[in-house]
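Peer 1: Below are the structure tokens for one structure; questions will follow.
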Ligand code: KIV
């Protein structure tokens, strides 16, 4: 049986200058396909709220939903490291809540690590989780749970003072004990600089090529979600028309009495 990757493997990849490939998954079939393809890390992202549940943002996603999706991803994967997002208000109010909720994602969901959004203000929370042996991935820059503060999904860190703040955030997350850091929606030169300054790996999304790894939302990569089309998304396949064609053919065959044939019936 293939051994599942751990946070030590991910740390080693930065030292070896081996790029880290990360994708989101929320269910068994996608987890299985990407795991068999050799993905390094599967992120059970709270982006599930947008691309699966159809909300406008990630804020409504609950702990129970994240546990449900994590269980499915764990059943579908064998070799990837699985990290689960802590949903909005599962860690922001106090450290005790954060510990209980992170613990649930590990104990009930089966995740190996959790991810949470925020820099300097979240450092004590990250430390509190790491202190009870829950590995943490940080996430700074365009943090979707801060949509109302940011006034929409906007690139962060363009002004010099914002860039300096993001560098301070990145340092605080590393010093608090996170084992990796997602950099989302920030200028590529800034992401490269943060990557150079940190010893932990950076995983970029809309942060350019200078990061130690990249993450994309699987539904964006496959053309299954077109409500927003951020500049940083590359569509590697366009499966929506294939799915639509299959469904349309089925409807036609049922209506015309073509399906099922004897091949699909019991004697
Ligand atoms: O929720 C998510 O999918 C994420 C990634 C886009 C980084 O946080």
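Glycine residues also receive a Cβ, built from the backbone N, Cα and C atoms like all the rest.
Note that the structure is predicted; figures quoted are calculated from it, not measured.
Features from TrEMBL:
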type     : residues        : note
BINDING  : 46, 85, 117     : Mg(2+) binding site
BINDING  : 46, 47, 85, 115 : 3-methyl-2-oxobutanoate binding site
ACT_SITE : 184             : active site, proton acceptor
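Describe each of these features in terms of where it is and what it packs against.
Peer 2: The local packing around residue 85 (Mg(2+) binding site), expressed as other Cβ atoms within 10 Å of its Cβ over all shown chains, amounts to 30.
Spatially close to residue 46 (Mg(2+) binding site) yet at least six residues away along the chain are 58, 61, 66, 85, 86, 87, 88, 144, 145, judged by Cβ distances under 8 angstroms. In three-state terms derived from DSSP, residue 46 (Mg(2+) binding site) belongs to neither a helical nor a strand segment and is classed as coil.
Non-local neighbourhood of residue 184 (active site, proton acceptor): 139, 140, 141, 142, 143, 144, 204, 205, 206, 207, each in the same chain, at least six residues away, with C-beta under 8 Å from its C-beta.
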Peer 1: Among 46, 47, 85, 115, the annotated 3-methyl-2-oxobutanoate contacts, find the widest CA pair distance and round it to a whole Å.
Peer 2: 12
Peer 1: Look up residue 117 (Mg(2+) binding site) in the DSSP assignment and report helix, strand or coil.
Peer 2: coil
Peer 1: List the other residues in this chain whose Cβ sits within 8 Å of the Cβ centroid of the Mg(2+) site residues 46, 85, 117, in sequence order.
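Peer 2: Same chain, not in 46, 85, 117, Cβ within 8 Å: 45, 47, 58, 61, 86, 87, 88, 115, 116, 139, 144, 145.
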Peer 1: Using a 6 Å cut-off on Cβ distance, which of the binding-site residues 46, 47, 85, 117 come close to any atom of ligand 1?
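Peer 2: The binding-site residues passing the 6 Å Cβ test are 46, 47, 85.
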